[in-house]
Each structure stands twice: as C-alpha cells, then as structure tokens.
Ligand SMILES: Nc1ncnc2c1ncn2[C@@H]1O[C@H](COP(=O)(O)OP(=O)(O)OP(=O)(O)O)[C@@H](O)[C@H]1O
Ligand SMILES: [Mg+2]
C-alpha cells in the first residue's frame with residue numbers, strides 16, 4: 001500500500017542541511033494499523049509529512065521515494081512522491097500533531113467540513129444533500145449532528161479531535177495518517193479516541209498510520225510498528241513481537257520502561273538524550289547511550305535488515321549473535 005523506498009530527507013537551514021530521515025525503507029500494508037514510535041525529535045512527524053507528500057521547502061527529499069498504491073471503488077491507483085498531494089482526502093488524509101488547534105475557532109464546524117472536502121466531490125450534488133451526508137456520517141460515529149452548528153471554541157479538546165478524525169475519514173480514504181492523536185488528552189478521552197480510530201479502521205478496512213511517543217498507545221491499537229531513533233528506523237515488526245521480544249537495545253529500554261500490572265520492580269528511564277541531528281555521532285547513533293556498545297558500533301552504521309520473516313532491526317548485536325531472537329542472547 002505505501003512503499004517507503006530508501007527515503008532520505010533534510011531540512012534546509014542557514015547552517016546547512018539537517019538530515020532528519022535517513023535511508024528509511026519499509027512497507028505499510030493494506031488493512032492494518034501501523035504505529036511509529038520514538039522519543040521527541042526523532043523524526044516521526046517529518047516521516048508522516050513525507051508520507052503525506054508535504055515536502056515543501058525547507059523540507060526536501062535527498063534521495064528515495066514513496067509509492068502509494070491500492071484500489072478504491074474497483075479502480076486501481078498508484079501515486080508517487082509529488083503526486084500524492086493530488087489525492088489528499090480521496091486516497092490519503094492527515095490528522096496533524098496538535099490537531100485540536102487546526103480548526104478555525106470562529107468558523108462553524110459545518111463550514112469547515114464544506115471548505116475541506118475537495119470541491120470536485122461536492123459540487124455535483126446540492127449542498128443540502130452534502131450536509132445530510134455529513135450529518136449521517138457523524139451519527140454513524142456516535143457524534144451528535146448538532147456539532148455541525150457549533151464553533152470549535154465551544155468544544156472540548158477531545159471533541160475537537162473527534163471532529164477532525166471525522167473530517168479526515170469522511171471520504172473513506174485508503175490511508176489515514178494520525179500524528180499523536182491522543183496527546184494532551186486525559187486517559188478517558190484518550191481511550192475514546194483510540195476506540196474511535198480502531199472501529200473506523202475495521203469499518204473502512206483501510207490503513208491507519210498512528211504516530212505516538214506513548215508505547216501504551218501502540219500496545220493497545222497497532223498491528224505492526226516501527227521504532228525510530230535519531231531520524232532512522234531501528235526496529236520494525238508485529239507489535240506483539242516488539243513488546244514480547246524486542247531486539248534493538250533502544251526498543252528493549254522503551255519496552256522495559258513501561259509499567260506492567262503486578263510488576264513491582266523499579267522502572268528507570270533511558271539515560272542520556274538523543275544526539276543533536278545537526279551533529280550526530282559516527283556509527284550507530286544510539287551507541288553513546290547503549291549498554292551494549294562495542295567498538296564497531298562507534299565506527300559503522302548498522303544496516304536495517306530482516307532478522308526473521310517480517311522482523312527488521314538495525315543493530316551490530318545481530319552480527320555478534322546477541323539478539324533476543326537467538327538463543328544465546330544474554331541479558
Ligand atoms: N523546519 C525545520 N527546520 C529545521 N529543523 C527542523 C524543522 N522542523 C523540524 N526540524 C527538526 O527535525 C527533527 C525531527 O522533528 P520532528 O518534528 O519530525 O520530530 P518528532 O519525532 O515528531 O518529535 P515530537 O515527538 O516532539 O513531535 C527535530 O530535531 C527538529 O528540530
Ligand atoms: Mg511530532
């Protein structure tokens with residue numbers, strides 16, 4: 001469905017390019033919820049922007065490309081980087097980070113719906129019919145059609161997020177990208193939003209890409225997930241495998257920091273901070289924080305490779321046979 005083919009991007013700054021996505025190469029399938037996790041500043045939003053084809057200056061593609069392909073209403077489609085933006089809303093839509101603040105507070109929700117839907121899709125029918133369709137769709141999502149007459153400033157953050165998700169999914173796009181959809185919401189509202197995303201995916205049978213720094217969110221709703229560190233994908237696989245037998249030391253630390261029911265052990269964070277992308281260390285970028293660093297980690301960048309079917313990681317430990325998938329892993 002989405003092929004990310006050796007993609008590298010950078011931001012152009014007065015001090016030179018800041019390389020944020022480095023040779024990222026993987027696929028996102030039809031009919032799955034794919035998660036992207038990693039610490040703040042590792043490039044999750046940048047990757048999502050690239051997926052949505054928001055590749056406008058200062059963000060530029062250095063190499064590689066993206067291909068969005070599939071089938072909608074019996075018609076096959078395939079779009080590459082630069083073409084994907086022509087199919088926004090129809091085949092792909094985007095719920096940006098801090099989406100609650102993207103609605104204009106002083107414009108009623110219904111006008112924002114009508115202004116957002118591509119004109120080509122609504123000019124063919126009378127406005128009253130479009131409004132009826134929007135209102136029915138909100139009801140399908142268990143949202144009151146009265147919301148259409150409200151102004152965003154009258155709605156809670158959670159309700160604004162629901163409205164944005166409704167807007168993003170109204171045209172049944174094949175792919176929905178959601179950047180931190182539950183951040184800044186309390187846990188009860190978070191759960192409601194996650195349930196909404198899950199049931200929409202089941203109903204549309206489409207692809208959802210969920211970015212979150214919260215591993216708990218990935219555990220609850222994603223089928224497969226990728227872990228990013230300092231602009232690179234360091235591990236990817238089925239979510240249950242990532243949690244049950246993480247390979248990369250960074251993933252092990254992320255998973256190990258999660259509280260579990262009945263586990264009374266002291267939880268520790270990951271020491272240190274990710275490197276500045278303006279001046280990353282040579283070799284593996286996680287090496288300065290890794291408890292298993294060896295000489296080669298400081299010199300060469302580990303290759304992102306398939307460790308077992310559908311399971312990828314980029315770590316020199318794999319060469320040393322110290323991966324948790326293999327029997328001789330020692331903690
Ligand atoms: N316009 C820009 N110019 C230069 N650097 C930028 C620009 N936008 C983002 N960056 C840098 O790109 C890196 C990745 O940012 P990005 O927003 O993709 O991270 P993120 O993983 O989404 O973080 P968060 O979890 O905080 O949302 C950061 O180091 C950031 O400073
Ligand atoms: Mg972000």
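Including glycine, each Cβ sits where the backbone N, Cα and C put it.
When the ranges 243-262, 263-282, 283-302 are checked against TrEMBL, the one recorded as region 'Disordered' is 263-282. Using DSSP to sort the residues of the compositional bias 'Pro residues' (272-282) gives these counts of helix, strand and coil: 0 helix, 0 strand, 11 coil.
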